[in-house]
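Report on the structure given below.
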Amino acid sequence: MAEHLELLAEMPMVGRMSTQERLKHAQKRRAQQVKMWAQAEKEAQGKKGPGERPRKEAASQGLLKQVLFPPSVVLLEAAARNDLEEVRQFLGSGVSPDLANEDGLTALHQCCIDDFREMVQQLLEAGANINACDSECWTPLHAAATCGHLHLVELLIASGANLLAVNTDGNMPYDLCDDEQTLDCLETAMADRGITQDSIEAARAVPELRMLDDIRSRLQAGADLHAPLDHGATLLHVAAANGFSEAAALLLEHRASLSAKDQDGWEPLHAAAYWGQVPLVELLVAHGADLNAKSLMDETPLDVCGDEEVRAKLLELKHKHDALLRAQSRQRSLLRRRTSSAGSRGKVVRRVSLTQRTDLYRKQHAQEAIVWQQPPPTSPEPPEDNDDRQTGAELRPPPPEEDNPEVVRPHNGRVGGSPVRHLYSKRLDRSVSYQLSPLDSTTPHTLVHDKAHHTLADLKRQRAAAKLQRPPPEGPESPETAEPGLPGDTVTPQPDCGFRAGGDPPLLKLTAPAVEAPVERRPCCLLM
């Protein structure tokens, strides 16, 4: 055969050839290749001949390495091939008929699935366990009943198979049987053995009762309930996978860990979801199991769930849990805001409703009005600040004109201004309030007794006469500096008793009553 460099060198020449020439050239190269291969094979055969004898001698002495399989694999492989002779040889050489693979499957299980009646008979004669359980507690009768092999079911029942055997799903052979004839055979056999519904329920409860006894014995011995068992699973994993509600409740009562993980990172909720145990899913979630817990493969309980009913239940529980978390988060944030603003007056006031705020203001003004209703002190009050004077000047009503025919009704001694103006004011406008002083009721002047009966014209004339007799004051007068006998002596002594900027007292707008009545003292403020 041509070398690589030779082939590369002739490529330009081959590219210029016609189709027929290229075909002939390829056939020539192929003939050379076959010739070279035949020569190499001949040389290889000549070299192998002398070495065969030592290899056979080494094999006879057991010095060469060989592939050997365990007896369980060999027996199951022969039974699966329905090789009666080979199985008989294995059983005759001392191989146990109950050998199982990694899933707990025995040769008898496999033959019941494959419907090998003669092989089943041979294994039973060799002493095979007729009630052998695999990893999911399936017996050979479970396998035969599920597959509907009537003659195998009859053979197993005749050999003493357990009709009440329960697998990990809580199913008995008759629960898994869909064939009518096979089901009739099972029910007839159960009736012949006197099996009732009570005995069936008692048989279903046996695994859980056994686990409950085991848990109680561990509790009495003070053993750790969180200790991992096979494959790193805890007792709660086992109870969740098998649907043992009472056992799981007992474990949770003694604070079994809901977040314990097995070797695959599965929590008990993963196991309950994978094996479709709806009551256990609800129980674990109610005790705080994490619906978003992830395994080593980043799988949540919802990811490993294969049953639609369980999946729907998980989604429902997840939605409820998320809604509850959102509600709790809003409540915590509200409490946090209230706690942080407890020392801030502004935030507290903003949280008060309008009705509550109005009631608060009304209560404050009512208390202030009660204070102002008290009799004024006999001693002169000190002059108020400029703020009080400014406030009184701003709140003082304009003086009435004589040409104005409108007469203002006396309202609790207040003159002028809108009756609603000072309803919610912080400071009482004393410059527009005039009231007869009870302290001056004993004065000999008849003006005090007859004042309520003067007409408006008489009152104006008296005010004008008083203005001519008294020089204009520079500021507010005290009760001691006021001249006796003047109408101004009858007013309540207050720092800013209504004098305007020019010193003129305001004119009262009063109307004479139709019937004489004693003077009544009324509060100076209108209480709403």
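Placement of Cβ uses the backbone N, Cα and C atoms for every residue, glycine included.
These features come from Swiss-Prot:
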COILED    18-45  coiled coil
REGION    19-59  region 'Disordered'
REPEAT    70-99  repeat 'ANK 1'
REPEAT    103-132  repeat 'ANK 2'
REGION    330-351  region 'Disordered'
REGION    367-421  region 'Disordered'
REGION    462-505  region 'Disordered'
LIPID     Cys525  S-farnesyl cysteine
MOD_RES   Cys525  cysteine methyl ester
Beyond the flanks of the repeat 'ANK 2' (103-132) by at least 6 residues, Cβ under 8 Å: 75-76, 79-80, 82, 84, 87-88, 91, 97, 138-141, 143-144, 147, 149, 151-152, 155-156, 159-162, 165
Local confidence of the repeat 'ANK 1' (70-99) - pLDDT mean: 91
Residues in the repeat 'ANK 2' (103-132) grouped by DSSP into helix, strand and remaining coil: 17 helix, 1 strand, 12 coil
